[in-house]
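Inspection log for the structure reproduced underneath, given as structure tokens.
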Amino acid sequence: MLFSALIALASAEPSLYFKEQFEDGDSWTTRWVESSHRSDYGEFVLTPGKFYGDPEKDKGLQTSQDARFYSSSARFEPFSNQGKTLVIQFTVKHEQNIDCGGGYIKLFPADLDQADMHGDSKYNIMFGPDICGPGTKKVHVIINYKGKNHLINKDVRCKDDEYTHLYTLILNPDNTYEVKIDNKKVESGSLEEDWDILPPKKVKDPEAVKPDDWDERERVEDPEDKKPEPPMVSNPDYKASVSWPYTHDRTTFCFLIETSSMTGEWKPRKIDNPDYKGKWVHPEIDNPEYSADSEIYRFDSIGVIGLDLWQVKSGTIFDNFLITDDATLAEEVGNETWGQTKDPEKKMKVSQEEQERKKLEAEEMGRKEQTKDEPEDEEEEEKEEELEDLEEETGAEEEEEETDSIKDEL
Ligand SMILES: [Ca+2]
């Protein structure tokens, strides 16, 4: 009794597998490993960015070089999410007004070689925003199942502004999931239905063939409708006086001929097909390839979180990474981090923009004042003289033209 009560108590305690908020200066460099798979990976720097809610707390990893691949990862005590909820959460801020680049994380099994992490390294889950032009603005949720990556079938739209946003993925042990942005649900459902992870339950019966006499034509030509005889008209070439034998074309002896006025091809009218059986539906059978899996969500080893992405215009800041088995805890942490920062961050950006606008206005005013006060210099005077000369010439030409047109009139 006591023992099981203790277990119940222990299992109610949330597990915190990984938490990274970059609040201890440069120490993050001891926790995050940059891959050396390529020699030209872009550099992550620790910064709160151009505008923020808190200059210390809002420090995160920012991509600092344009048109680069980025590849860094952090390790934690490996775990399996079997029988438990798995929550992955982090914040993304595209303060550079991103045109094209990834903003997602990858969750790897513990056997990942971090020093050699690259785009083809086997991962469990890829989750987060991906933007490329106006056409791609989505939240990826890719699940690896038995060695194959499967993209979500639904279109989950991501945020594309310059502010910090909180992205949360929840996988439940009943094979359901939820995607949240800024602590609001934006998508949810079942792993089996929203991904093509398992083969379909039903397939078309390969034995079933449409019968030859199955009539799928809704309308057919009316067999009763007959092509009308062309009307006869009197022959304009008829020559009554011409007599046998025939020195003329035979048609000249006919008083009436078929009219040639009937143009276009004749088609019989259409009627409802009396033999119409409706569209033939291919019968389905249980798919022999299908086998149910109540643990699609399950990963036996989760041990590394990585940022493995490409960015055209750099400047994205990643922060507040959290991996836990407790969705409520994640929501609370989200409110304490992103929730606290979002409003002051916006305020700072708006005030920066206001200052920038005022500065530009002042500069514009300054330029106008300067132009007004400037004395005319020699160069300008020369230009004016040239202009006057030109006007005189043009005037003369116009006079000549006028004379010409008068001449024409006369
Ligand atoms: Ca931080």
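Backbone N, Cα and C atoms are what each Cβ position is placed from, and that goes for glycine too.
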Same-site residue for Ca(2+) (record: TrEMBL; known: K57, K59, D319; options: Q21, Q96, Q355, Q370):
Q21
Candidate sharing the alpha-D-glucoside site with Y104, K106, Y123, D130 (per TrEMBL), from D300, D308, D325:
D308
Check TrEMBL and name the cysteine among C100, C254 that pairs with C132 in a disulfide.
C100
Counting other Cβ atoms within 10 Å of each Cβ, which of the binding-site residues K57, K59, K106 scores lowest?
K57
Other residues, Cβ within 8 Å of Y104, K106, Y123, D130, D308 Cβ centroid (alpha-D-glucoside site):
G102, I105, M126, F127, G128, H140, I142, G306, L307, L309
From K59, Y123, D130, D319, which binding-site residues have a C-beta atom under 6 Å away from some atom of ligand 1?
K59, D319
Tally the residues of the compositional bias 'Basic and acidic residues' (342-373) by DSSP class, grouping H, G and I as helix, E and B as strand, and everything else as coil.
32 helix, 0 strand, 0 coil
About how far apart, in whole Å, are the alpha carbons (Cα) of K59 (Ca(2+) binding site) and K106 (alpha-D-glucoside binding site)?
21
